Amino acid sequence: MEGAAAPVAGDRPDLGLGAPGSPREAVAGATAALEPRKPHGVKRHHHKHNLKHRYELQETLGKGTYGKVKRATERFSGRVVAIKSIRKDKIKDEQDMVHIRREIEIMSSLNHPHIISIYEVFENKDKIVIIMEYASKGELYDYISERRRLSERETRHFFRQIVSAVHYCHKNGVVHRDLKLENILLDDNCNIKIADFGLSNLYQKDKFLQTFCGSPLYASPEIVNGRPYRGPEVDSWALGVLLYTLVYGTMPFDGFDHKNLIRQISSGEYREPTQPSDARGLIRWMLMVNPDRRATIEDIANHWWVNWGYKSSVCDCDALHDSESPLLARIIDWHHRSTGLQADTEAKMKGLAKPTTSEVMLERQRSLKKSKKENDFAQSGQDAVPESPSKLSSKRPKGILKKRSNSEHRSHSTGFIEGVVGPALPSTFKMEQDLCRTGVLLPSSPEAEVPGKLSPKQSATMPKKGILKKTQQRESGYYSSPERSESSELLDSNDVMGSSIPSPSPPDPARVTSHSLSCRRKGILKHSSKYSAGTMDPALVSPEMPTLESLSEPGVPAEGLSRSYSRPSSVISDDSVLSSDSFDLLDLQENRPARQRIRSCVSAENFLQIQDFEGLQNRPRPQYLKRYRNRLADSSFSLLTDMDDVTQVYKQALEICSKLN
């Protein structure tokens with residue numbers, strides 16, 4: 001630690017950023033425009049000084065590519081600090097030096113209670129030494145790894161503070177670009193402190209950035225596909241990954257290889273555990289693949305879930321999103337919350353009774369009746385596999401909506417990735433320190449079986465990678481991340497274009513049967529999954545009507561199959577003159593007169609629509625028409641025309657009936 005500079009009055013507040021006009025000066029000049037600056041600024045020293053005279057160095061907090069971070073105590077004041085030492089001889093890439101200096105300038109310019117503060121900077125020809133705020137509780141990563149699952153109140157506490165800090169950065173024109181659990185620290189009071197601005201940069205709304213950096217597990221679709229981006233949208237995506245991890249205790253995107261991870265992120269495909277959480281709507285909004293539809297930091301800060309239980313919102317700004325997504329997401333979240341509370345109350349009153357088959361079918365039908373945009377944000381049924389955004393225009397029949405046997409479903413998913421998480425990502429990601437960790441027990445291991453933690457069965461169905469990584473291969477949150485990579489390293493075009501998505505398996509016969517039965521028209525009433533006695537009167541059922549077994553045999557056309565399930569063929573025949581609307585209004589009785597005229601089940605206006613009365617005599621008679629004449633009775637006469645002409649209409653109807661006879 002020898003050779004650092006001593007404080008000297010009048011020192012210029014620069015770090016040797018180069019001659020006028022150089023790229024370094026441009027970086028310094030840009031960051032100097034940040035407002036507001038700290039009241040007293042950051043001391044920068046370039047004169048020889050021995051830091052050991054001022055600070056008592058203690059244990060090492062973390063090691064990085066260019067040096068290490070140590071805890072230290074200032075001898076004069078007793079203040080505990082973190083000292084980050086960077087060796088210049090290990091910096092081979094000029095771009096890395098630019099990032100280090102940019103980090104110092106940006107962090108020195110930001111003043112927020114949830115962002116790590118820089119107190120002093122020392123530099124000589126060999127080293128750059130940064131004296132910064134010390135966060136005694138360590139990384140949020142370790143905090144979650146020890147507890148596996150946080151309460152919603154604690155999750156909201158952490159996430160509000162993270163959003164507050166990110167909103168402050170965006171408000172001052174700074175995008176972090178490397179938000180992850182390892183870069184979020186906790187102080188003595190378990191308050192958030194965001195660190196590591198090594199990949200941060202200034203942004204402007206009318207300009208695009210093209211540096212593809214960050215951690216792959218938190219990278220947005222724009223980053224992994226090498227598309228230009230403005231900046232804040234990549235932080236919004238990372239916030240979605242963070243919130244998912246805080247809520248569920250695992251990572252949303254857990255591809256076990258390069259190609260799979262790229263596909264998952266590009267399609268926004270992630271597992272959504274079935275344990276209820278009111279934050280799932282906000283998570284989906286932040287993990288929208290289209291950056292124009294993705295929640296902005298203002299949308300997140302004003303979301304009801306983030307501010308639930310607090311007197312004020314995270315920020316006093318207005319949401320800038322023009323789409324209907326915020327309102328829709330709020331309505332859907334409220335619906336889920338109210339439905340869940342009502343279900344819990346009913347379960348307690350009924351002695352925790354299980355839902356009946358009819359209730360499950362009703363819930364599935366409700367989910368299918370939702371609009372396309374609402375289905376994009378929420379799923380009402382836990383047993384329904386949602387459609388991918390590319391297939392929203394073509395609705396799937398209910399017959400192929402399969403129940404998930406592993407008590408999980410996927411959000412924005414078109415397939416399910418089977419198998420255990422395999423090897424870590426290849427070296428192209430430069431993320432050895434982010435993919436595996438050995439210091440924490442796997443939930444599936446016997447040693448991890450402790451009360452209050454996930455059972456082995458639950459662990460087997462959740463992503464095996466989770467957030468467990470190797471301690472020795474991961475840098476400290478105080479340290480700059482060397483994970484910058486170009487688009488050519490992150491993606492081979494054939495990987496995305498050539499990747500295939502598993503198609504859903506064909507439905508089984510039982511599922512097809514249930515689908516067909518549920519498609520009957522509204523005139524047929526169902527009670528407890530069985531048709532009413534009046535509808536299924538044995539006298540009404542023709543002995544010649546095909547059975548389910550006969551319809552499933554070869555040679556029966558598909559058209560006949562659909563007709564037979566929905567109604568008797570005599571009712572829905574193309575040649576029939578019976579009004580389907582009038583038929584639906586019938587109240588079939590057990591005992592009816594032996595003979596009634598056809599007007600009891602026919603609307604007069606149906607006959608008035610027929611122009612060619614003579615042609616009716618040559619048309620084939622509807623099947624089973626005589627049987628229905630004998631059985632149907634006492635129905636009201638439907639007449640939608642002007643009531644003043646009722647006599648004339650009635651006479652015309654009688655004339656038509658006589659021609660039919």
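In case you wondered, yes, glycine gets a Cβ from its N, Cα and C as well.
In the record from Swiss-Prot, residues Leu61, Gly62, Lys63, Gly64, Thr65, Tyr66, Gly67, Lys68, Val69 bind ATP; the candidate from Lys84, Lys88 listed for the same site is Lys84. Per Swiss-Prot, the residue from the list Thr211, Thr250, Thr296, Thr428 bearing the note phosphothreonine is Thr211. As annotated in Swiss-Prot, region 'Disordered' covers the listed stretch 1-24 rather than the other ranges in 1-24, 145-168, 265-288, 625-648. In the three-state DSSP scheme, Leu61 (ATP binding site) is classed as strand. For the pair Val69 (ATP binding site) and Thr211 (phosphothreonine), the C-alpha distance works out to 27 angstrom. Within the same chain, residues at least 6 positions away in sequence whose Cβ sits under 8 Å from that of Gly67 (ATP binding site) are Lys84, Ser85, Ile86, Arg87, Lys90, Lys127. Model confidence over the motif 'GILK motif' (399-402) is summarised by a mean pLDDT of 34.
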